[in-house]
């Protein structure tokens, strides 16, 4: 077969696999977009994946479907071989340049390339067939370590108390990145935390809190009087890459999380910053990174902390008002010895200047040593109320957002959770009617936790006597007051218009009138999109509010969706508007 015929065959295979019962379409789109056909004949096809994770996942979950589709199309049984070609990995979005920092010495030294994982004969054959020249070459790797912005000592201030009130696949391109210090460590046996390189400035010890300030109540940990924070590395087995449902709204964040988990410390993804509204899957991705590294690289020390836990650890260690005490040193050492540091919900550190200062020091030390930092928040770095230097550093690696899931992705989540429930309870299949599943997806807001809770409620109702006879009307009544952000929310088009008019500084007369200047047209289309997303009302009803016909409303929604897919600034703008509307 020539290249065109092979690509056409693969497209037919992808389409056919998505038609099989129990297959989640968006998941197939996301995963199969990272498979590339290399060769095919009657009875044989060779594919390459851009990461080992994708290869293993496809072999575990989809290889039989691929073989079945090939046999149905060509009429003969097929053998399918999958190799790995990392040059096909998707490129991340370009990160903005970090803020200017004091010059620091650069240490460059050749290091041994990490030993490859043992390959099966099939893998070796596939790699050689895909690139026979590369199979015979060994490329030496060099690690370049550049110290980042010099840490600053934490000023003497009152210790803060926690604030309980705070709350389409990319085009594959080749990425060339130097070997990181982390890659060396993955290949080597566990070693002690590295000392500062010669000529490299060590992080200064922060100034002790003001002894005249009232001491905060110490928070006990499992580590007694050592001051070492209690570990939070227990594997949450249900939060893995394999059960994360992929859609257009989260595909890029998912791909970059997998990339970081497979090769921690890549400069262009360090730090990795994932943001999005509550309940969209940020914690799932951070825990999935933790679980993957713990399972596949047990010699690496992974630390996962919620921001409130980090704050409590800092308060506990500082309670003695003496940074020379072992408790404070142990606190700092615990975080600085991490090979991978995962911090969830960093927006909760707003207003916590001392904690931010110490975190900034730890952050700089880890990244300067090639160790991986992953952060999450409910908003983009530029929208977090912290000093500009923190925003710039948070945004200096790979920054990716998770958008609210579209209906198709929510329906996939419903189906996936039903299967998880069946496996967990082992009480037989759950025959939930398709129209009921669609009703749950359409009635839900953007919060995936609420969506799964709704599925559980419907399953319980079915098991309590309704059985498979449960109807859409039953489900609507059951879930009438379940969702906090769905159609049941008391929000009106007038509310959305007022927020949009204030945000873009346009008048109500202009936004519903006939003017087509660029800023007015953009504000109008944004308001139309928000009405469609947050109110879930028909296009015709939206048109009446804006004095537009049905087709114009549809065009406006599609135009904003296209802008958000292509432009991160547009997504951040929409996120800010949603945040204002949520606070009404």
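Positions of Cβ are set from backbone N, Cα and C atoms, glycine also.
Note that TrEMBL annotation is computational and uncurated.
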Tell me which of 187-236, 237-286 corresponds to the region 'Disordered' entry in TrEMBL. 187-236
Additional residues around ATP, ordered along the sequence, whose Cβ is within 8 Å of the centroid of 279, 281, 282, 283: 276, 278, 280, 284, 285, 376, 402, 448, 449
Between the binding-site residues 279, 281, whose Cβ has more other Cβ atoms within 10 Å than any of the rest? 281
Cβ neighbours within 10 Å, counted over all protein chains: which one of the binding-site residues 282, 283 has the most? 282
Based on DSSP, name the secondary structure state of residue 283 (ATP binding site): helix, strand or coil. helix
